[in-house]
Amino acid sequence: MSETKTNLLDLDRDAMRAFFVELGEKPFRADQVMKWIYHFGCDDFDQMNNVNKVLRERLKAIAEIRAPEVSREQRSSDGTIKWALQVGGQEVETVYIPEEDRATLCVSSQVGCALECKFCSTAQQGFNRNLKVSEIIGQVWRAAKIVGGKRPITNVVMMGMGEPLLNLANVVPAMRLMMDDFGYGISKRRVTISTSGVVPALDMLGDQIDVALAISLHAPNDKLRSEIMPINDKYNIEEFLAGVRRYLGKSNANGGRVTVEYVLLDHINDDMQHAHELAKVLKDTPSKINLIPFNPFPGNPYGKPSNSRIDRFSKVLMEYGFTVIVRKTRGDDIDAACGQLVGEVIDRTKRTMKNRMQQDGISVKMV
């Protein structure tokens, strides 16, 4: 990529209009070009036949449309596709999950992750950097181009590699493009951001954009959560859920409820007492609960619970009146299931990041 060229995938609609106004063009040119990029998957200015030739030539000189390239593709027996995408010498993974009534894309927000959750393969790879807007929306662009068809992607979940709320400055514009009518036109109820509990950033998020929220809870008490999710030492369950309720108060995309993600680790957090504890801790936070049977990966001490343990846990929660879904494992034969995304983090700097988080607090850049 040329350093002197602007990658148009880095610009949401406001930024794109400002770009064209700076060129002396009318703002509607931005809308025209966005339709070519996102509706038609076009990355060649010469094909944009409703843009005059003089402007096309100028755009070729100063701009580009460059999405991450696929370095590897794996297709699961259940239809799931996992792509490893090149992002500046590193790799991130993106997963496409087709179902009868929808097609969901699981998108990464960082190269690696700094939060070190003990049950997640991504966390074991270390942390390198935040992804740029073009590298986030570019995952959607690349997947839509490969899959093809009229509505190749109906849902996007920011549940790939990384903690999205530690990259708000790039994640928010990318999500705007997902929902923009000149982008992918996906409903805000079908764009989901997931967080492990970066509470100050959750408050910022609610002031910036309205999307569906999922939270990675994974334990019903602070002692256990801190053991498996170190971020709990900084923002405990009570603080986290208070932040969630504040977000729900600002949001129309969630129907008043948050999705609680709870990975079931055999004989760690899946006892009946844990289910009762979870119901009690969530009593003031309107929730639907996604139970995720653990997906094993090499070198990890945790196991997947038996079906009977999963059923018992689920039934306890339903007795309290919660909507409970046991997530169907998809793509586990190609390591594309929840918690298995790795990519290739070449430069591991997670210790530096962890130290900085402990010393200075978790820093959040905002748009």
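Glycine too: its Cβ is placed from the backbone N, Cα and C atoms.
Taken from Swiss-Prot as is:
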ACT_SITE  E93  active site, proton acceptor
DOMAIN    99-333  domain 'Radical SAM core'
DISULFID  C106-C338  disulfide bond
BINDING   C113, C117, C120  [4Fe-4S] cluster binding site
BINDING   G162, E163, S194, S216, L217, H218, N295  S-adenosyl-L-methionine binding site
ACT_SITE  C338  active site, S-methylcysteine intermediate
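Feature map: Swiss-Prot annotations on the structure.
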residue: E93; record: active site, proton acceptor; DSSP class: strand
residue: C113; record: [4Fe-4S] cluster binding site; DSSP class: coil
residue: C120; record: [4Fe-4S] cluster binding site; DSSP class: coil
residue: G162; record: S-adenosyl-L-methionine binding site; DSSP class: coil
residue: S194; record: S-adenosyl-L-methionine binding site; DSSP class: strand
residue: S216; record: S-adenosyl-L-methionine binding site; DSSP class: strand
residue: N295; record: S-adenosyl-L-methionine binding site; DSSP class: coil
Cβ packing number for C106 (disulfide bond), 10 Å threshold: 27
Cβ neighbour count within 10 Å of E163 (S-adenosyl-L-methionine binding site): 27
Neighbour count (Cβ, 10 Å) for C117 ([4Fe-4S] cluster binding site): 22
Other C-beta atoms that fall within 10 angstroms of the C-beta of C120 ([4Fe-4S] cluster binding site): 26
By Cα-Cα distance, the member of recorded positions C106, C117, S216, L217 nearest the residue listed as 'active site, proton acceptor': C106
G162 (S-adenosyl-L-methionine binding site), number of other Cβ atoms within 10 Å: 30
Nearest-integer angstrom distance between the alpha carbons (Cα) of S194 (S-adenosyl-L-methionine binding site) and C117 ([4Fe-4S] cluster binding site): 14
